[in-house]
Amino acid sequence: MAEPLNVALAGLGTVGSGVVRLIETNAELIARRARRPIRITAVSARDRTKDRGVDLSGYAWEDDPLAMAERADVDVVVELVGGSDGPALALGRKTIANGKALVTANKAMIAHHGIELATAAEQNGVALKFEAAVAGGIPVIKGLSEGAAANAIDRVYGILNGTCNYILSTMEDTGRDFADVLADAQRMGYAEADPSFDIEGIDAAHKLSILAAIAFGSRLRFDAVDTMGISRVLAADIAQADSLGYVIRLIGMAGIDRSDGTPRLFQRVRPHLVPFDHPLAHVDGATNAVVAEGNFMGRLLFQGQGAGDGPTASAVVADIMDIARGEKGAAFSMPAGELEAMEAAPTGHRVGRSYIRFVVADRPGVLAEITAAMRDTGVSIESLIQKGRGEEEGSVIVSMVTHEVPEQAVTQAMRILEGADSIKAAPLVMQIIEA
Ligand SMILES: NC(=O)C1=CN([C@@H]2O[C@H](COP(=O)(O)OP(=O)(O)OC[C@H]3O[C@@H](n4cnc5c(N)ncnc54)[C@H](O)[C@@H]3O)[C@@H](O)[C@H]2O)C=CC1
Ligand SMILES: N[C@@H](CC=O)C(=O)O
Ligand code: NA
């Protein structure tokens, strides 16, 4: 058997501890498949004394994660600290500059600095790998960049955040409260250190921007993702959607928009209504799912655990094994400098059905005011329900589904209603995914 590949782990939280457990548990089969053993030589985290349920006594300890990049007994640094900048980025830069391979699960860092790191990795002849950064344990980066490599892909979309999916599907099944279910997701290790990254859609936007670069060969544009999370979704929305035949899911969607002849990059993360008979409607808990549409392969659906220690560790260790086999590959499927710079696509002309929820004063004439705004902007209504009571005394919840209309018409209708004193909170608009 060949010499071991020496690995240093920076960060021993949910994912880092999972990586230690996986490398120890499956050491023999990993060595056979990677053609050489994977050996952890050094580890680093904030608290040396913490019990992580794994034995770290056989590994050198470094208080400073950056020290990993200097060690002679390290071939690969695995960055599992988190954060787009700070120690994670400093470690990433130093690792590559010192001629070592970098494996990371850090989508925030890749979304912000992926092009810089990939360029540096190419210049230094080392691998940069981040399978765990998108959809956790699902091999979606490998699937798109290798399995689907021969296809032109024009659209990729799916459920990219385990925490939001766990919250939405648990609220739907149990009627439990948002904050209470979020606390569960945090306990299970699904949520980011700052869970607002999950619930405001930022984490899904990080992942979507990485996925789009790989799927389309476009230059990574996290800044251009139109992002809205699930914090404004009420239990009443989930109930109303259910009575209309839908579930609510946070969906990331990216595509190439050619409507005016120039290819432009469309990237959006928003809660959507998904009809019961759509495959994404049955994706529950921390499960993620990604759909990619290629010109020869047709529609491909990847589904699996998007968060948590085991699934994420599985993706991290698969990357390490690729490096053990000598695979370097381009981080984004092609050299970073060759990714095509694209402008962000405008969205107003997109046509579809929308769900709109209003919290309104419970008095005569309010519905007429709303429907007049719809009429004046050409938004026709397919169905309308008034069921729940709003939190504010004397308010009610009115939800409607529109017929297919350009999104800008709905935006105009909402603008007309802005500031109307019968409307108690900003209306929530969610697009509907067709089956
Ligand atoms: N938890 C999950 O399900 C998934 C997490 N990820 C990503 O993996 C990375 C790690 O996530 P988790 O393990 O969940 O985080 P965590 O918060 O459980 O662990 C972070 C680790 O980094 C260490 N750390 C933090 N700041 C440090 C510093 N300044 N110096 C030294 N050590 C420091 C902490 O001591 C801890 O051991 C993040 O980038 C996250 O986005 C990716 C996919 C799934
Ligand atoms: N916080 C993330 C973890 C995995 O990427 C999520 O909930 O999906
Ligand atoms: Na993955």
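Each Cβ is built from the backbone N, Cα and C atoms, and glycine gets one as well.
TrEMBL does not curate its annotations; it predicts them automatically.
Look at TrEMBL and you will find Lys207 tagged as active site, proton donor. TrEMBL lists Ala10, Gly11, Leu12, Gly13, Thr14, Val15, Gly16, Ser17 with the feature NADP(+) binding site. The NADPH binding site annotation in TrEMBL covers Lys107. Residues annotated as L-homoserine binding site in TrEMBL: Glu192. Positions annotated as domain 'ACT' by TrEMBL: 355-431.
Structure with TrEMBL features highlighted.
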residue : record                    : contacts (Cβ under 8 Å, 6+ apart)
Ala10   : NADP(+) binding site      : Gly16, Val43, Ser44, Ala45, Pro65, Met68, Val77, Val78, Glu79, Leu80, Val81, Pro87, Leu91
Gly11   : NADP(+) binding site      : Ser44, Ala45, Pro65, Glu79, Leu80, Val81, Gly82
Leu12   : NADP(+) binding site      : Val20, Val43, Ser44, Ala45, Lys50, Arg52, Val54, Leu56, Leu80
Gly13   : NADP(+) binding site      : Ala45, Leu80, Gly82, Gly189
Thr14   : NADP(+) binding site      : Gly189, Gly308, Asp309, Thr312
Val15   : NADP(+) binding site      : Leu80, Ala105, Ala132, Asp309, Thr312, Ala313, Val316
Ser17   : NADP(+) binding site      : Arg52, Gly53, Val54, Asp309
Glu192  : L-homoserine binding site : Gly82, Thr163, Asp198, Asp203
Lys207  : active site, proton donor : Lys107, Ala111, Ala133, Val134, Ala135, Leu160, Asn161, Gly252
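Taking the centroid of the Cβ atoms of Ala10, Gly11, Leu12, Gly13, Thr14, Val15, Gly16, Ser17 as the NADP(+) site, the other same-chain residues with Cβ within 8 Å of it are Leu9, Gly18, Val19, Ala45, Leu80, Val81. Mapped onto DSSP classes, the domain 'ACT' (355-431) shows 23 helix, 31 strand, 23 coil.
Following the DSSP three-state reduction, the secondary structure of Glu192 (L-homoserine binding site) is coil. Among the binding-site residues Ala10, Thr14, Val15, Gly16, Ser17, Glu192, the residues whose Cβ sits under 6 Å from any atom of ligand 2 are Glu192.
According to DSSP, Gly13 (NADP(+) binding site) sits in a coil region rather than a helix or strand. Per-residue confidence over the domain 'ACT' (355-431) averages 93 (mean pLDDT, predicted model). Around the Cβ of Lys107 (NADPH binding site), a 10 Å sphere holds 30 further Cβ atoms from the protein chains shown. Classification of the residue listed as 'NADPH binding site' by DSSP places it within a helix.
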